[in-house]
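Residues annotated as NADP(+) binding site in Swiss-Prot: Tyr53, 158-161, Gly181, His200, Asn229, 246-249, 269-271. Feature annotation from Swiss-Prot assigns N-acetylalanine to Ala2. As annotated by Swiss-Prot, N6-acetyllysine applies to Lys23, with the evidence given as similarity to another entry. The N6-succinyllysine annotation in Swiss-Prot covers Lys296, and the record cites similarity to another entry as its basis.
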Amino acid sequence: MATGQKLMRAIRVFEFGGPEVLKVQSDVAVPIPKDHQVLIKVHACGINPVETYIRSGTYTRIPLLPYTPGTDVAGVVESIGNDVSAFKKGDRVFTTSTISGGYAEYALASDHTVYRLPEKLDFRQGAAIGIPYFTACRALFHSARAKAGESVLVHGASGGVGLAACQIARAYGLKVLGTAGTEEGQKVVLQNGAHEVFNHRDAHYIDEIKKSIGEKGVDVIIEMLANVNLSNDLKLLSCGGRVIIVGCRGSIEINPRDTMAKESTISGVSLFSSTKEEFQQFASTIQAGMELGWVKPVIGSQYPLEKASQAHENIIHSSGTVGKTVLLM
């Protein structure tokens, strides 16, 4: 290590496994930005469920070991590399990706994945924008081709992506239905864009949704737990309806016949299949929402960096998650 190299605290993963493989190190070198790169002093980093799958080694994208998790940071620009003209030291920013990892006191990001954070949003909220809001945009507009006047059911609406989908869909003129598993979650879903909310722990909630949507059915379903809900989703759709799968934790058996009569479709969402141009389109939508005030990230559980393993444990095993889980530096 070069003499005088600045050091930071960061979470490092040296082997795939359970939450216990997240190790705090205090002697990690602060990265130096190269061309088209931005170094950010991290104030908060969002935790996404997919990061637990990556950590366990079971996800389709496996990073080289060792690595630092985290994509959604919010903070202040510390320094910039050559050919960066959009940002300067001191700018408040958030990201949709990082090069060096976000569970750290400093994070390196490519300049095209960095966006300005308005003063009206704090750093915790900034750390809740990246994957949740960009995924919701991709699900609604790229995958579902949703448009004003249609109906959307956000199946599992109280988490980060679900609340983002409710806010965006409401702002764009859709009729929004949501589900949540707790009274608190239902209240938050109604406060963030849903016209109606249903308790998905109620044994008869599917019947309640059917009563609400009538014979026509619902046009779009944004599905957060497909391995539990997909079969029921197909029975709720309108003719030409679309189920968009954002989350899944296992397999499920469905009857393909349920897709035939209504010519319904099932599509998956992978945010990082988006092109740079698509990311910019999503960013324009979200930045407009920030300016107009309908992008309002809801913060759930908050943890210090040292409790990252506990955060990973809770984000998967705690029931009734409300809002976005964040690490604070």
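Keep in mind that glycine also has a Cβ here, set from the backbone N, Cα and C atoms.
Note that the structure is a prediction, hence the values are computed from the model and not measured.
It is Cys248, among the binding-site residues Val161, Val246, Cys248, Val269, Leu271, whose Cβ has the fewest other Cβ atoms within 10 Å in the structure shown. Proximity of Gly159 (NADP(+) binding site) to non-local residues of its own chain (separation of 6 or more, Cβ distance below 8 Å) is seen for Pro132, Met224, Gly300, Thr321, Val322, Gly323, Lys324, given in sequence order. Once Cβ contacts within 10 Å are tallied over all protein chains shown, the recorded positions Lys23, His200, Lys296 are led by His200. In this structure, Gly159 (NADP(+) binding site) is part of a beta strand by DSSP. Of all the recorded positions in the list Tyr53, Val246, Val269, Leu271, Lys296, the shortest Cα-Cα distance to the residue listed as 'N6-acetyllysine' is found for Tyr53. For the pair formed by Lys296 (N6-succinyllysine) and Tyr53 (NADP(+) binding site), distance between Cα atoms is given as 27 Å, rounded to the nearest Å.
The DSSP secondary structure for the residue listed as 'N6-acetyllysine' is strand.
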